[in-house]
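Annotation comment: TrEMBL describes N22 as Mg(2+) 1 binding site. Sequence annotations record features per position, and here TrEMBL assigns Mg(2+) 2 binding site to T25, G26. Annotation comment: TrEMBL describes 4-171 as domain 'FeoB-type G'. Per TrEMBL, the feature transmembrane segment maps to 282-302, 332-360, 415-441, 453-478, 521-537, 628-646, 666-687.
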Amino acid sequence: MKKIIKLALIGNPNVGKTSLFNKLTGLNQKVGNYLGVTIDKKIGYFFYKKIYYQIMDLPGTYSIYPSSEDEEIVCRLLNDTKNVNDYPDRIIVVADSSNIKKSIFLLRQIQDLGFPVLFILNMIDEAKNKGIFINIKKLKKFLITEIISINARKGIGIEKVKNKINKINYQKKYNYFFFNPKLDYITAIKNVKSYYPINSYKAWYYLANNRIFFKKKDKILNKIKKKHNIISKRLQIKEILYRYKEISYIFSQTVSEFLSDKEKNYLNFQKKIDQYLLVHPLWGYLIFFFLLFIIFQSVFFLSENPKRFIEFFFSFFQKKLVTFYPGPLNHFFIQGILPGISTIITFIPQIFILLFFIIIMEESGYMSRVIFLMDRIMRPFGLNGKSVVPLISSFSCSIPAIMASRHIENSRDRLITILVTPFMTCSARLPIYTLIISLIIPDKKWYLIQLRGLVLMVMYLVGLFSALIISMIIHYFILKKDYKNYLIMEMPTYKYPIFINIWIPLWINIKSFIFNTGKMILLVNVLIWGLGSFGPSKELSNKNSIFLEKIIKKKELPNSYLGLIGKKIEPFIQPLGYNWEIGIGLISSFIAREVFVSTMGTVYNIEKGNFLLKKKMKKDQFYNTKKPIYNIATGFSLLFFYAFSMQCMSTLYTVKKETKSWKWPIIQFCFMTILAYFSSFFIYQILKK
């Protein structure tokens, strides 16, 4: 078996770890889970000079003493030697060259743990633009480790990194950098070492750590702490003071700062953009909502032609297949498989456009300004400033957004964030919104402004304001607090988006939609086709080659198993303006919201044939009144049902894992379902004529 060298990318938040990870691995990466937790871990692979490397992109952390759950992931990984799949052989510490003090602090801790380390000074050119110059040769002597300067975003220095990785050597045994193990708490350290085969700093670390990662250590360490009157926080403070005393000296000897007039003017210009525009109390919000307006206009405007082409292609393909090898297998493929594939492909342009704009905002540094800006809005509603990250991440998907709440230190604020995050409009709602809006809203334009795009933006704002209102209710009436939170964050400099840095995360997200969500959509489609093609009646039980033709020609779908299920639930959903076919779509989408569109495609394809779902839905009428089903009242009722309902089993399971209890996901599911039902009921009753 070929040996794999395991690498871990570690660094402070926003130092460019992910950019380096993408440059080293390209598209050869996958998303998994850390042992025992739900948070994603990104693993990539690369081959260099006959050696195979596995590399992990770990969450950002400032120290090996965790203050949040995502930081705890890093610390757990560095201490769990039994985890053979993830425990790293070597570590790459990435630093922002403009701010190396905090990165040196983390580097020193990892060196003292005994890991071989490569120190990467990223964004070295940006540091020079700020007038910061680092003497790398001198710094290397002080830190006693290999140092490489790179620009990960531009791909500068990546080959040097690959070349140096294999040359990283282990530090000499007991070569500690901040304390003398012979003097500081020597007896307590010896006691710890008598129980565990670890070095002296790791023994200090066990004593100084408030969070014990492995339960077997609890009793032993608590006994030693009690015996020697050790308070963990004091040891941490002592370490911080010792280390920063050394780091300040290193910094004074290796870093010089000088700004030319041109550089000063450039930095002042960036500050003025922030101060007077992007984070301004008025203009900042107007600019942000204008950008949202542009994004949602683009989702309709730019995706229209690709969608039409895809629909035309599948319609043409279906017509050709109808005459080819007629029979049950042909109908199974045309009506069971093809509508699912069509649904997946049709909505890729819209998801692509939405994610493209979100990634550009992140890549340019604007998203950090949005987080800072939105913090002002969040506070009156009881949300932590750090809650902005999960909420904005929800525009892509609620699952990683809920996981992102791990960086919120306070458990109460974290719980509120988890509970309200599913109200934000994720990309799974986008196919439903665009389909329903295109059915009920006329295709009107005022110059470049599309009416449908405006309605789509309103639905996204409904999700945002719903999350804020529910958060305020929880804050003031359910989980009260008597303390204040503050958002402290480093504002990154503005950067020009680079194509490869946009393309890699975009491709990974689209691939995830196609292969993960796509599998679920296909499975549900096949199930819907089976239930819609067979039934208890004699006409449907004849298993000959023409039974499907009878279903289509005689429109006997209501007599199938699917129709019978739909008829059973129809009385419950009629007050919302829905017929039994919509009811089938609602039930199937409890697995995942986006399944609604593919289910409707399969249902209408079985009943009416052909592929143009939108046209068939527009023509559909109630059996008794012969009035159109998809009118303004029914359409908005559906939009608000999906805006408020919790229709994603994966999200519910993630909430359970994050809260470590079924209590909150059950409450969340029941509350959101009731809210969705009654809001849809009132909207339909008000709007119907």
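Glycine is treated like the rest: Cβ placed from N, Cα and C.
Outside the transmembrane segment (453-478), and at least 6 residues removed from its termini, the chain residues within Cβ reach (under 8 Å) are 292-293, 296-301, 377-378, 380-383, 391, 395, 416, 419-421, 423-425, 429, 433-434, 437, 441, 639-640, 643-644. The Cβ of G26 (Mg(2+) 2 binding site) has 12 other Cβ atoms within 10 Å, all protein chains considered. Here the Cβ of N22 (Mg(2+) 1 binding site) has 23 other Cβ atoms within 10 Å, regardless of which shown protein chain they belong to. For the transmembrane segment (415-441), the list of distant contacts is 299-300, 303, 343, 346-347, 350-351, 354-355, 382-384, 387, 390-391, 394-398, 401-402, 405, 408, 451-452, 455-456, 459-460, 462-464, 466-468, 470-471, 474-475, 479, 513, 517, 592-594, 596-597, 600, 613-614, 617-618, 630-632, 634-636, 638-639, 642-644, 646, 648, 651, 655, 658-659, 664, 668, 672: same-chain residues at least six beyond its ends, Cβ to Cβ under 8 Å. For the domain 'FeoB-type G' (4-171), the model's average pLDDT works out to 84. The Cβ of T25 (Mg(2+) 2 binding site) has 20 other Cβ atoms within 10 Å, all protein chains considered.
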